[in-house]
Amino acid sequence: MASLIYRQLLTNSYTVELSDEINTIGSEKSQNITINPGPFAQTNYAPVTWSHGEVNDSTTIEPVLDGPYQPTSFKPPSDYWILLNPTNQQVVLEGTNKTDIWIALLLVEPNVTNQSRQYTLFGETKQITIENNTNKWKFFEMFRSNVSSEFQHKRTLTSDTKLAGFLKHYNSVWTFHGETPHATTDYSSTSNLSEVETTIHVEFYIISRSQESKCVEYINTGLPPMQNTRNIVPVALSSRSVTYQRAQVSEDIIISKTSLWKEMQYNRDIIIRFKFNNSIIKLGGLGYKWSEISFKAANYQYNYLRDGEQVTAHTTCSVNGVNNFSYNGGLLPTHFSISRYEVIKENSYVYVDYWDDSQAFRNMVYVRSLAANLNSVKCSGGNYNFQMPVGAWPVMSGGAVSLHFAGVTLSTQFTDFVSLNSLRFRFSLTVEEPPFSILRTRVSGLYGLPASNPNSGHEYYEIAGRFSLISLVPSNDDYQTPIMNSITVRQDLERQLGDLREEFNSLSQEIAITQLIDLALLPLDMFSMFSGIKSTIDAAKSMATKVMKKFKRSGLATSISELTGSLSNAASSVSRSSSIRSNISSISEWTDVSEQIAGSSDSVRNISTQTSAISRRLRLREITTQTEGMNDIDISAAVLKTKIDRSTHIRPDTLPDIITESSEKFIPKRAYRVLKDDEVMEADVDGKFFAYKVDTFEEVPFDVDKFVDLVTDSPVISAIIDFKTLKNLNDNYGITRSQALDLIRSDPRVLRDFINQNNPIIKNRIEQLILQCRL
């Protein structure tokens, strides 16, 4: 049968190569990580003992003359003079906003007669007439107001210092004209000053407009003497008076830099959104008692705008120092009680781990000078109804706390796909009005926030603030430290798996039922399963090894392993006796279920509960019991094989995940039956049960004890054609006893005959099973 593929996986009959282990370690997320508090985040402090580079003193000084800088293209800031210092370049500067202004500065050497020269301006070749009959240098300012016009000679600067200037201010572009040492400024108006970009072909300096007198002095008399030692720039005493500038929303400042590493200070305005999560567990019994109401860590991903930039952020919220409360309304089974419910108060802390996709979190490995300032937020509790079978429901309501920023450290958030270097913000709590109470009980007037409904209908709570840190990062911005590279492998794999899942699910409707049943009868093993994948025939053994390793950690394999272990222990502990039945191990497997049934009432509720508990384990019997009929495992393997053959996204690294996921998720709504003489007993995973006669399909009372005995002694049959379908088929078409038995046993030949006859009832049932084979 097709289920040979799953049986073969469960036998673990393939070796594991060291190279496969190494690849797995590099591509899979970490396992068995204990994190406290909260299952997603842990705190660690960064080392701060590395050697510093160049360190500025505490006085911020804006130099008069900043530079020199290499030729470049950029959008210069407003209110800063660009002091141009050419050597012998013919084109000094090009500037335009591509709407109403095009400016070019040309340099002409002394003693040049009237002549036409060729220049390349803004990518266009132009012939321009120039003349310089003086012994000084001349800067020709060429201007046009639209892209189709020709350049006109607008201004001339005659200079013996060979310096020119360019400034963006108010709604104009400013330059120098006249003759040194009496050159002055002039302007050209524009309606779009902010978009003016420049291409500078010479070395240049930057001077604040507040020091414009110095710029005029340099243009007319030349630059001051320069010393070629590091960090020494002649500045005027007046430059120590710094014009106040408002801090930017996002700031990346280089503190120090060497050849390989640099210290970057990141200042960020952030918006933190978080929510609480909780776990509410109800005790068994009559439905009047609750076991636990507790806080759980909660992940939240969101987007927001920061200085016009879209930011993607991720937070994890967890709590520490909770207070355990309880309520006991009485000793009777119908008395309301809560064994434990958690409340956060003044002695508690709330941790919010924050990460966003900005540069600040890209290389957060070595960090110092970490500081933050955040607002406070009030969190109020909502109502939670304790739904009891009879009587008025108790309601837990109210409660509130305020969160106040109390510190920040480094942390790591762990999600299903990636680990994130984060900042952990710690908040202390103060209790607020109103207190919380439990309506219809004696509990009232207690302060704090209970875990029953901590979000009170809010999608999230929001805190605004700002953080600053200095991080040691590679000097090359294109390089990422290995801690982030190691986790992107899993992200890429998940992206591939996502595409594969979408493709698999879309293929379900394209599979022919007759082809599926024919395929389900073939002995599909590991190697035939891979035959549809290109370029993997030679690597079949390696492929099987990878699939085997992944499958060993699946829930199905774990259940089989636990079943085998429990049966072995039971068999070894039973003394040999003639009274012991040959299937003692099977009896032990069902003993706990039988004991539960023995102590239960005959109500429909309890029978449903017990059959549901049994049916969860019937799948193991489906694997371990070989029958001649078709089962759900056969259909799962056949659908999987068909989809693998048709898929365009299958790759060797995605196949193990797909096969493992299919074993867990294909056909989740399964039904099983056992056959004894003329009676059939059937149960599904939802706890629904039927007992009926083969001849008439008349329902008879369902005996749970008899069902357990039959499961122990007889093969478990997959209900490919379930009771409702059989009854519908008999009522509309009428079927013989022989056909009924064949359909009950899931005989594939009879199924094929009904489908070939285009029977809509049988065909629809098989199509429903195929559509359940989704990832």
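Every residue, even glycine, has its Cβ placed from backbone N, Cα and C.
Note on Swiss-Prot: of 455-482, 483-510, 567-594, the range annotated with the feature coiled coil is 483-510. Other Cβ atoms within 10 Å of the Cβ of Cys317 (disulfide bond) number 28 in total over all chains. Counting Cβ atoms from all protein chains shown, Cys379 (disulfide bond) has 23 others lying within 10 Å of its own Cβ. Across the region 'Hydrophobic' (388-408), DSSP helix (H, G, I), strand (E, B) and coil residues number 0 helix, 13 strand, 8 coil.
Looking at the coiled coil (483-510) alone, the prediction's average pLDDT is 56.
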